[in-house]
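Below: the structure, in C-alpha cells.
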Amino acid sequence: MQDVVEKVYEQVVARNRGEAEFHQAVREVLESLDPVIAKHPHYAENALLERIVEPERQIMFRVPWVDDAGEVHVNRGFRIEFNSALGPYKGGLRFHPSVNAGIIKFLGFEQIFKNALTGQGIGGGKGGSDFDPHGKSDAEVMRFCQSFMTELSRHIGPNTDVPAGDIGVGGREIGYLFGQYKRLRNSYDAGVLTGKGLAWGGSLVRTEATGYGTVLFAQSMLATKGDSLEGKTVAVSGAGNVAIYAIEKAQQLGAKPITFSDSSGYVVDEAGVDLELLKQVKEVERGRVADYVSRRPGARLVTEGRPWDVPVDVALPCATQNELDADNAATLLRNGCAVVAEGANMPSTPEAIEAFQAAGILYAPGKASNAGGVATSALEMEQNAGRTRWDFATAEAKLTGIMADIHDSCVEAAETYGRPGDYVLGANAAGFTRVADVMIAHGIV
Ligand code: NDP
C-alpha cells in the first residue's frame, strides 16, 4: 500500500482494537484503492480515506428480555450508521451469537460501497445483536424483537436509517420489529424496514433477490468469456435465505447445484438439490440439513470439512464471513473450479482471494455479487414511498438490470485503473469514487 493509505489503515487498527473482521474489510478496500488514490490525489487531500473509515454514528445498547420460563436475559444491540452521503443509512440486522462491534462495523463498511454500486440513493449501515434465535420459541423471538426495537426506534426512520434482514433475521423477525415500531411511533411508516411481508408493504422478489442476484452476476462474468452456467456443477454453502435462492436461480439457468450446508455440516446430493424438500426443511420446519438427508435417497451429510472439498465448476459461498480459506481455495482450484461468486459478506479470506486472482479465475467479491438484496430493498422503499406495488416480473426485471449495471461498472473501473478482469479493484473503485465525490460535494461534515 502507498504510505498515505498504509497510515490510514494503521490508524484504523489502533483506534478499533481487537476488531479483526473490521480491519480485514478495511485492508481489502484500501489496498485495492492504491491506483485510485494515485490517479486522483484530491481524495487524499480531502482526507476522504480517514473520513470514510470512521462511522458517522455507533449505537450500542442493552436488550433485556424474558424467556418462556420467566428467566431474564440480557443481550447487546448494535446499530452502526456508517455513511449517509448517498441517502439514508441502509443495511441489515444480524442476530447471531458471534455478533460484536467489529463484525457489525465490517458489515457496515462493506455496505457503503455495495450500496453505492447499486446506483440507488442509499447510504451504508448495519446492526444486530448477539441474540441467538435458534431453538427459541416464537414468543421468545417476539419479546426479544420488541425489546430490541424499543431502543432502535429512537434512531431509525424512512429518511434516516432503514434496517432489513441478515443472518438470523427473516420475515418473522421483521414482522415483530415492524409491529413494535408502529406501536411506539403511532405511525404506519412502511418505509422504515425492508423485507416486510407482502400483505403489509413488502416487495415481490425481495426474498429471492440476494441469491438470484449472486447467480446473475456469475452468469455475467461467464458471458465475458463466451460461456454460461448451463450444464455447470455448483457448490453452495449455507441453507438460509441467500443459499436457497442462489440454488433456485442456478437451477433456472441450467446449472446443477449439488451441495448446501449449515453449522452442523454440509450435504452432497450428486443428483442435484431437491429444492422443494430443502425449502420445506429450512423455511417451513426450521430444521437442520440432516432432516433433508433422512428424506432424500442418495444424499449424504458430511460433518467434517466444507462444501469446497466437492469437485465443481462454480462455487457460491452463501453462509458467513471467512468460510472459505486458502486450503479450501487450493482444493477448489485443483478440482477445476473456474468461477467464485460470493453470496455471503466477506466469505473468502484474503489468502483465498489472492489464490483465486493468481489463478486468473472469475472471482466476484460479495459487495458486488450480493448487492441484489439491498438493491431490491431500495426498490421496496420506492414502492412504499409511491404507495404502489409491482408484480414479480417487473421487480425481477429491475433486479436483473441493476445486477447487469453493477457488473459492467466493475468491469469498466477495473479497466480504467489498469487491471482488466479484477472485480475486487473494480467494485471498490467504482463504489468508492461514487461516495467520495458526493462527500466532497457536501463539504466537511
Ligand atoms: P440466514 O440466517 O438465512 O442463513 C445463514 C446460513 O448460513 C444458515 O444456513 C446458517 O446455518 C449458516 N451459517 C451462519 N453462520 C454460520 C457459521 N458461523 N458457521 C456455519 N454456518 C453458518 O442468513 P442469510 O442467508 O440472509 O445470510 C447469509 C450471508 O449472506 C451472510 O453473510 C449475510 O451477511 C449475507 N447477505 C445476506 C443478504 C440478505 O438479503 N439476506 C444480503 C447480502 C448479503 P445455521 O442455521 O446452522 O447457523
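Quick reminder: no glycine exception, Cβ is built from N, Cα and C everywhere.
Predicted automatically and left uncurated, TrEMBL annotations should be read as such.
According to TrEMBL, the residue from Lys90, Lys136, Lys398 that belongs to the substrate site alongside Gln111, Lys114, Gly165, Ser377 is Lys90. Asp166 (site 'Important for catalysis') falls within a strand segment according to DSSP.
Close to Ser377 (substrate binding site) in the fold, though at least 6 residues off in sequence, lie Lys90, Ile122, Val162, Ala164, Thr194, Gly195, Ser203, Arg206, Ala209, each with a CB less than 8 Å from its CB. A sphere of 10 angstroms centred on the C-beta of Gln111 (substrate binding site) encloses 26 other C-beta atoms. Long-range Cβ neighbours of Lys126 (active site, proton donor) (same chain, at least 6 residues apart, Cβ-Cβ under 8 Å): Arg79, Ile80, Phe82, Gly91, Gly92, Leu93, Arg94, Ile104, Lys105, Leu107, Gly108, Gln111, Asp166. Shown in sequence order, Gly92, Leu93, Gly171, Glu173, Ile174, Gly195, Asn241 are the residues of the chain, 6+ apart in sequence, with a C-beta less than 8 angstroms from the C-beta of Gly165 (substrate binding site). Those residues noted as binding substrate (Lys90, Gln111, Lys114, Gly165, Ser377) have their most widely separated CA atoms at a distance of 16 Å.
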